[in-house]
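Following: one structure in structure tokens, then a few remarks.
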Amino acid sequence: MKLVKPNWVTHDGYPIFSIDIHPDGKRFATGGQGGDSGRVVIWNMEPVVSETAELDSNVPKMLCQLDNHLACVNCVRWSNSGLLASGGVDKLIMIWRLSGSGGSSIFGGKASVETWRCIATLRSHEADVLDLAWAPHSPWLASASVDNSVIVWDASKFPAVVAVLKGHTGFVKGITWDPVGKYLASQSDDKTLRVWRTTDWTEAALISEPFDECGGTTHVLRLSWSPDGQYLVSAHAMNGGGPTAQIIERDGWTQDKDFVGHRKAVTCVSSLHERLYGKPLVQGGCMVMEAPELLNLKQPASNQSSQVSVPSIPPVTNTATTPVKGPINKQIETRTSDGKRRITPMFIPPPADTTDTNITGTPTFTSKVQTKSSIVIEKRNDVVAPNVTSSVKPATVDTPGSSLTLKRKEQTTPRIHHSSPSKKPKFVSDRNTGQMLLPPLKPSSSLSQQAGHYAVTVTNSQGLAHLQVFKGTDSEPTWDIYLGYSAVALAASPAVIALGLEDGSLHTFHPAKGCRPAPPLAPPAPLAKVHAVGNAVMVISSCGAVRVWEIGNTCRMIVSTSAAHLAVPGTSLLSCTLYNGMPHVAFTNARAYIYHKDMGTWLLIGDSQDPVWRWSSFNVLSTSGNRAPRGPLSSLQEGLLRTAGNTLPNPRLPHSAPSVVSYLEQQLLASKALGSAQEYVHWLMALVSFLLTQDGLEKRLRLILDDLLGPSHTSASKSVWDPVILGNKKHKLLGDVLAVVGGHLRWQRLYLEYSEQLTTLKNQIN
């Protein structure tokens, strides 16, 4: 390991508090104090790693100096896409992007080789910003502040806030994402370390024991995950009165290991690089023929390759900055009829500002900027009349040699026209705008999903969609692909990736292999929702059409129906999912449905606008012990209740018992239709428990017991009665129900009657 301390990396004698290296390794940024403001400086990495470049005066060292912060800069961080975030004492977070034009230095500042522009200023913090962290594979930026909060920002649409995490009671001095983006960890002066889930932004773990003896003596507490995500290492812990860095295991959040050796408090932890060795540029350059028969195939293959034309891929050139051209160094001199000279000035176009410059490529620097121009005067013998305006056109002389050369160039050089279409191809059904029941999806700057062990990201740029798939904590994509239209929807599962494009097509890919299991699908209208579970993909079109495909070795359609009659005008989709291959949908009008394939229709499983349904659900769910287990039915109905709000309908129901029984029976049948065994058992017990507390409902109770008991003797016909429901044996369920019945003395005769019959049937079977 070599320790290099370049003496030219300085803020003119003022302190530097943060440093971060660009993902491409060609630049690094420093943040700290400037003369009378906060300062961010972007440096060239080449003079650091190469002594030859350091001694070369033509290689610039400082690329750009940014003195826009009002106070000291505490942290600078690069994103994977090359954006730079800086946060400081002025409570501000500034997002910087490389621009293609020159002239970014402020008045009185140093001249810049590169131009970086502030594209967003984030202002929600109420005190100093101490730390920043970009999510590894998601468009999120997290910030920690002295105001005891952590804010997660949406980098795809700054300054939108995704979540504000409140729980710390002291200054939050460090934050870090785990490598797969599942957790966000924060450490504070309140002697706690908290781990937050990114799925719902709730607290996953609270760790305080290793920090009980610590004091708030450090400026920052920057913790870090290991590259494999297995360990989280904290800053400033204590063990036996000595400073340590605590090691926290991801599995169970145990804290039985630590790093010992520091004499002072640990302020910063940083993991090693995720990749130690790079991949070779060319693979297979030296290969040995292992099978003799391959020699016989080599010659015919070479003959065929000479006849088959292979499409060539034009080379891609990545340039970080476009050098600003100086004035055009050619002018035209003519003479008037009275002998006076006339010099015609040439138009100098302003430099174009290229804001979408590819900043991940190798930067090209030069110290010979065209600030001066040597004017070349073209003398002409033409005589023009004085004070007469005339357009001067260059004279062209056609010679046999020049015309022949021109013709050869036209014949051999293909004409390549780089143009972008003025209009994107519209979906064929866009002309029927009156049939759009649901709002179609629109492109966003980026999309991301987790597909098992793979992280899937899509970036839209210049009308193209760039799909990248990362495995685990890898920084390089396992595979990627460009598609010709912007992406509007992304759904992923461990078995399939579904990507909807702006032209209305749906593309499917295998997450691990990157291959297509089927050609692009064409739903009947623009996409309103895309969802994937297992190897099933559901698409809901804006016209209300619902399609579910099974994507695998053989692709087939599972469901083809329409929800147009369910979508009331003015409503939108609240949620949609798949369970056992069947679509579930909920709308903003507080109604939820499931499609039943055997019945060929939609089933209403929840309506929070129905006063009877809402009163019954309130009476049942407010009773202690009636909370349903987590399942597809409860998930859909929770969303409906949140949409309807906490107010109860008027008037109140005068006789609620029959309504509650009807509600419980609907819940029981809905669980059966969904195939949710756990929820079915819960609502069965809830229905029986309610019937036992009511008078005049013994017949309803006996119907349930008779269905669970079945035929009274084994020789009876069993063609209608099924002994199993949703994987549960009915006799086992009957035993559980009778245990509840036996707890009520008023029903002891009913209990003895059915328990004796159940015992007799079991003895006959055995």
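Backbone N, Cα and C define each Cβ position, glycine as well.
Those TrEMBL annotations? Automatic predictions, nothing curated.
Marked as compositional bias 'Low complexity' by TrEMBL: 354-365.
Residues or ranges marked as compositional bias 'Polar residues' by TrEMBL: 392-405.
If you look up TrEMBL, you'll see 415-426 marked as compositional bias 'Basic residues'.
Mean pLDDT, taken over the domain 'CAF1B/HIR1 beta-propeller' (1-199), works out to 89 on the 0 to 100 scale. Per TrEMBL, the feature domain 'CAF1B/HIR1 beta-propeller' maps to 1-199.
Residues or ranges marked as domain 'Protein HIRA-like C-terminal' by TrEMBL: 514-708.
Per TrEMBL, region 'Disordered' is recorded for 305-326 (among others).
The feature region 'Disordered' is assigned by TrEMBL to 341-365 (among others).
Per TrEMBL, the feature region 'Disordered' maps to 392-430 (among others).
What TrEMBL records for 66-99 (among others) is repeat 'WD'. Listed by sequence, the residues of this chain that lie at least six past the ends of the repeat 'WD' (66-99) yet keep a Cβ under 8 A from its Cβ atoms are 15, 17-24, 29-35, 37-42, 106, 109, 114-123, 125-134, 136, 141, 143, 145, 153, 155, 158, 220, 320-321, 353-355, 357, 359-360, 459, 475.
Taken from TrEMBL, the feature repeat 'WD' covers 122-154 (among others).
Residues annotated as repeat 'WD' in TrEMBL: 165-196 (among others).
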Summary of DSSP states over the repeat 'WD' (165-196), given as helix, strand and coil counts: 0 helix, 18 strand, 14 coil
